[in-house]
Each structure stands twice: as C-alpha cells, then as structure tokens.
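Notes to accompany the following structure.
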Amino acid sequence: MKKVMFVCKRNSCRSQMAEGFAKTLGAGKIAVTSCGLESSRVHPTAIAMMEEVGIDISGQTSDPIENFNADDYDVVISLCGCGVNLPPEWVTQEIFEDWQLEDPDGQSLEVFRTVRGQVKERVENLIAKIS
C-alpha cells in the first residue's frame, strides 16, 4: 500500500480537503497524511465544504512538515506550488507532483467549491495511478 503525503503552505484548506477525499476514496488502497510548511488550523470553510459532499474532516489536524520523515512516504503531493520551498528529501520520493491549486482562503464559497472539485478530480486520478 502506497503512503501519500499532501503538503501545502499552512495545511488548512487544500491539503486538508485532499486528505479527506483520499482517505474516503482510497480507503484500503492507500495510506494518507497531510502537513504544511507551517501549521495553522483546519479551515472552518474547508470543513463545511467537505460536509457538503458527505466527508467529515473536522477531526483532522494541521501539522508542520517537521513532524514527519520524507522517507516514510512513497508519494508527495504539493497542492499550492510550494514544491520549490520543500526540503530536498521531500521532492525526491518515488512520485512528486506539484498541483499548484488556487488558495481558496478568504475567497467566496464558489471558489472553495471549485477548488474542492479540482482536488477531488486530482485525488481520483492519483488513486487510479498508484493503487
């Protein structure tokens, strides 16, 4: 079973939604974690957006990348274009992708929904590719 790490700047919105989708859609196929270059909180609007599609991410936590070891993961996905800021060991794993999705923080609910849809589609494609 492949181990996947989703990373974004604050581990608040995009990476949290990706973790929620991956845990739900990839249950039994992949192991999933998320982190940020810095930690903050799981954004309340991200929680609400995922509730709209029947996924509860309210129990997820926002954790800094320093809490994890890159060698524990086969797949590393940056969601925010922050790949250039990751320590080198994170971008040299078996699979590294930088999805460069828009940050919905502070934007309309429609932007959140659009980003949520983009995250879901990419997570589905990732699961199909690695499982």
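Using the three backbone atoms N, Cα and C, a Cβ is placed for every residue, glycine included.
Every protein chain considered, the tally of other Cβ atoms within 10 Å of the Cβ of CYS8 (active site, nucleophile) stands at 25. Annotated active site, nucleophile per Swiss-Prot: CYS8 (among others), in sequence order, evidence recorded as similarity to another entry.
The active site, nucleophile annotation in Swiss-Prot covers CYS80 (among others). The C-beta environment of CYS80 (active site, nucleophile), restricted to residues of the same chain at least 6 apart in sequence and closer than 8 Å, consists of CYS8, LYS9, ARG14, TRP99, GLN100, LEU101, ASP103.
Annotation comment: Swiss-Prot describes CYS8-CYS80 (among others) as disulfide bond.
Sequence-distant neighbours of CYS82 (disulfide bond) (same chain, six or more apart, CB under 8 Å from its CB) are VAL7, CYS8, LYS9, LEU37, ASP98, listed in sequence order. What Swiss-Prot records for CYS80-CYS82 (among others) is disulfide bond.
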